[in-house]
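The feature signal peptide is assigned by TrEMBL to 1-17. Look at TrEMBL and you will find 9-452 tagged as domain 'Major facilitator superfamily (MFS) profile'. Look at TrEMBL and you will find 57-79, 91-109, 115-137, 149-170, 182-201, 266-289, 301-324, 336-353, 359-388, 400-422, 428-448 tagged as transmembrane segment.
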Amino acid sequence: MSYNLFLLAFVLGLTGAFHYGLQVSIINSPAEYIQGFIRETWLKRYGSSPSAEMITLLWSFIVSIYSIGGLLGSSSAGYLSVRFGRKKTMLLANIPALLGAALMGLSRLCGSFEMIIAGRLFSGVCGGLAQNVHIMYVGECAPRNLRGLIAITASTSIAVGKFVGFALGLREVLGVEALWPVLLAANAVPVLVQFLTLPFFPDSPRYLLIDRKDKEGCIKAVKQLWGDGDHMAEINDMMSEQKAIGGEKAKSVWDLLRDRAVRWQLISLFLVVSCMQLIGINVVYFYAYNIFTKAGIPPAQIHYVSLGVGTTEILSTVLCGFLIERAGRKTLLWKSYTVMALALGLLTVTLSLQDSFFWVPYCSVALVFIFIMSFGIGPGGVVCPLITEIFIQSYRPTAYVFNGVTNWIQLFILGLVFPFIVEALGNFCFIIFLTYCLSMAIFVFLVLPETKGKTMLQVMEEFNRLNYRGKKGQAALQQSDCSVVTVTRL
């Protein structure tokens, strides 16, 4: 196997998932300085200081508008990835990223906090577009036996992005008042590296063969990415999928919602992948500061402990990459969901008894790390190859659009209502996320088929048993386009 495939996975991560992780974490450190800049700018313009409510409102808008940009980027990922191809779309995603970095980097020099808002919006567009296309692109480039490992590099990129964001935000690096514009513009560096290196790699072989019907280009891309070995079995699988699709164009979101042939794929996508915000990973991060303080860690050292948490997430996604082709997707998912549900349940108890016994805070710290490791080994890593594997080529771009839009809407809504949930339920807010994790463990164990080592058509046949149950379902299956799979096999 050529190293080019792993190099491509690294290059794609620079603007794709890494950019998302970086932007999520990098905004926390300069919060105080940016709010001070808003106050100073307002005073210079209008001759009076803004109210505390106005500063809070503008700061909240700076943070939340990234989700709005992500929603816009995700909704365009399907059309652009089919119209221009995966590679060109990734290169196009660099444009709003560079524009956003320039606006935020020059905001203090120009005396405009509106430039920070606009920069965050453009960065969100890049995050929503590039993250979806990145996972689709890298999943389609990998051979069957490495599909899980290569796709999980996207999850590792997110974790590394969060870690780098935390590290750059330290006072010893860029987390000081004089350098916060540089900190906000730091994402321009990996974007430029990708912009200069990605043109040397081919487009997705599956896209070239199935969408563009360019067999020679597909074989050339396969040789460049996988080396000079015999890869005809993989290419024949792609051709079988092409015949099964029968020349159909890429499906729309409406087709995805109403087509019986992908009903259980859509249900699995929505419950297992699109609702990942309900796992509670952001809630655990929210409570982490208080948990570490109660355990006796000085507030000044909390930032360094956060780096330890980030390192744990990186290592767990790497471990998932080694396990996914051995244990399988289904096993990792339902076992990890079970462990996370138990960790959240115990965390609810320990937080309630935080001041009762001296050893309880240390149990809370251990449960935080157990939860984060389970998240990285399970859904945090496994969902990356899952969308590519459960949908055939004609539905795949639309499935990524649906997943991206749903995720960004949930992220935005959860950001708005979460403070009220915490205020109303306190430590018992974990019960909401515990219920979701436990439900997903049961759903994955009973319903979701194993996709390890299977072709796209074999996975589709597994789902057809769910989509077309009963005599009426079998009759509908024979009349549908899915029957082409049997013809292809014969």
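Glycine residues also receive a Cβ, built from the backbone N, Cα and C atoms like all the rest.
All annotation found in TrEMBL is predicted automatically rather than curated by experts.
For the domain 'Major facilitator superfamily (MFS) profile' (9-452), the model gives a mean pLDDT of 90. Of the two recorded stretches, the transmembrane segment (400-422) does not lie close to the transmembrane segment (91-109), with fewer than three CB pairs under 8 Å once pairs fewer than 6 apart in sequence are set aside. Contact between the transmembrane segment (115-137) and the transmembrane segment (266-289) does not hold: fewer than three of their C-beta pairs are under 8 Å, each pair 6 or more apart in sequence.
In this chain, the transmembrane segment (91-109) lies in contact with the transmembrane segment (182-201); the count of Cβ pairs under 8 Å, excluding pairs fewer than 6 apart in sequence, is at least 3.
If you look at the transmembrane segment (91-109), the same-chain residues 6 or more away from its ends with a CB under 8 A from one of its CBs are 15-16, 19, 37, 69, 73, 80, 84, 115-116, 118-123, 125-126, 129-130, 133, 180-182, 184-188, 191-192, 194-195, 198-199.
With respect to Cβ pairs under 8 Å, the transmembrane segment (301-324) is most closely packed against 149-170, considering the stretches 57-79, 149-170, 266-289, 428-448.
Residues 5-6, 9-10, 12-14, 16-26, 28-30, 131, 134-135, 138-139, 141-142, 183, 186, 303-304, 306-307, 310-311, 313-314, 316-318, 320-322, 324-325, 376, 380-385, 388 of the same chain lie 6 or more positions beyond the ends of the transmembrane segment (149-170) yet place their CB under 8 Å from a CB of it. Within the chain carrying the transmembrane segment (266-289), a Cβ under 8 angstroms from the stretch's Cβ atoms is held by residues 256-257, 302, 306, 309, 333, 340, 344, 347, 351, 368, 371-372, 375, 379-380, 383, 386-387, 390-391, 399, 402-403, 406-407, 410-411, 414, 418, 422, 429-430, 432-434, 436-437, 440, 443-444, 447-448, all 6 or more beyond its ends. Taking every listed stretch (57-79, 336-353, 359-388) in turn, the largest tally of C-beta pairs under 8 A with the transmembrane segment (428-448) is reached by 336-353.
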